[in-house]
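What TrEMBL annotates here:
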| type | residues | note |
| --- | --- | --- |
| TRANSMEM | 7-28 | transmembrane segment |
| TRANSMEM | 34-51 | transmembrane segment |
| TRANSMEM | 56-76 | transmembrane segment |
| TRANSMEM | 96-119 | transmembrane segment |
| TRANSMEM | 140-166 | transmembrane segment |
| TRANSMEM | 186-204 | transmembrane segment |
| TRANSMEM | 216-238 | transmembrane segment |
| TRANSMEM | 244-263 | transmembrane segment |
């Protein structure tokens, strides 16, 4: 087996399987129904987005994205929960299950899934294709900022639910301007997402990323779009407080519809070739 295949496919998959097994195993027990549901959903979402990224970007670039998102996401959450950086001061509860040095394992997994989904959505909006349409620092910065805003649009409704319904973490300040949450947290989401996406783009700027080959077909783009859509549907029906049910269709629905239009145009372009 080539060494590159071992490092980019077999070993990472083995690590993922072991971590997932530990995460799910430790989530089983009396009174842990919510924790188990979150663990299973996170594993499935992470696996689906990784598989999609491997087809879209190639195994090596997908692994770059995964490692950057997981490591920077973990660092941001570790600094946030211990020093109040980025998101404000907060403390995790036991709801999210197994932790890695104080940070629930599902959190870095979500950072990867959400930033990858936003990467594809932002590209479909701007380039009508799931990958970047042009190289250059300016394009990388602009697309990364747009994708960071798309990630944060999801968080506008997800954070209040996780804090006040699931009680996944406890904020030190509960009198913020966004349904009791501080606006600082959303600036933190934009900043951390932007750093992840910029780091990925600069790390892979010399790699040839081109979708539409035999490895990545238009139907594969439905994975990141489907995950983002699922978040939208969840917030519309189960969002808390009730105002979130009205906010989500606009905050998340507008970029999603624009991306679907871009996907349709890309499909038509592929058919014309």
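Cβ from N, Cα, C; glycine included.
What TrEMBL says about a protein is an automatic prediction, not a curated fact.
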>> Under 8 angstroms for C-beta pairs, at least 3 of them, ignoring pairs fewer than 6 apart in sequence. Is the transmembrane segment (56-76) in contact with the transmembrane segment (186-204) by that rule?
In response: yes
> Taking the transmembrane segment (216-238) as the reference, which of 7-28, 34-51, 140-166, 186-204, 244-263 gives the largest number of Cβ pairs under 8 angstroms?
Replying inline: 244-263
>> Using a Cβ cut-off under 8 Å, which residues of the same chain at least 6 positions beyond either end of the transmembrane segment (140-166) come close to it?
In response: 34, 38, 95, 114-115, 117-119, 121-123, 125-126, 132, 178-181, 185-186, 189-191, 193-194, 197-198, 201-202, 205, 228, 231, 235, 238-241, 244, 247-248, 251-252, 255
>> For the transmembrane segment (96-119), give me same-chain residues lying six or more residues beyond its boundaries with a C-beta closer than 8 angstroms to one of its C-beta atoms, as numbers and ranges.
In response: 19, 22-23, 26-27, 32, 35, 38-39, 42-43, 45-46, 48-50, 52-53, 65-66, 69-74, 76-78, 81-82, 147-148, 150-151, 154, 168-169, 192-193, 196-197, 200, 224-225, 227-228
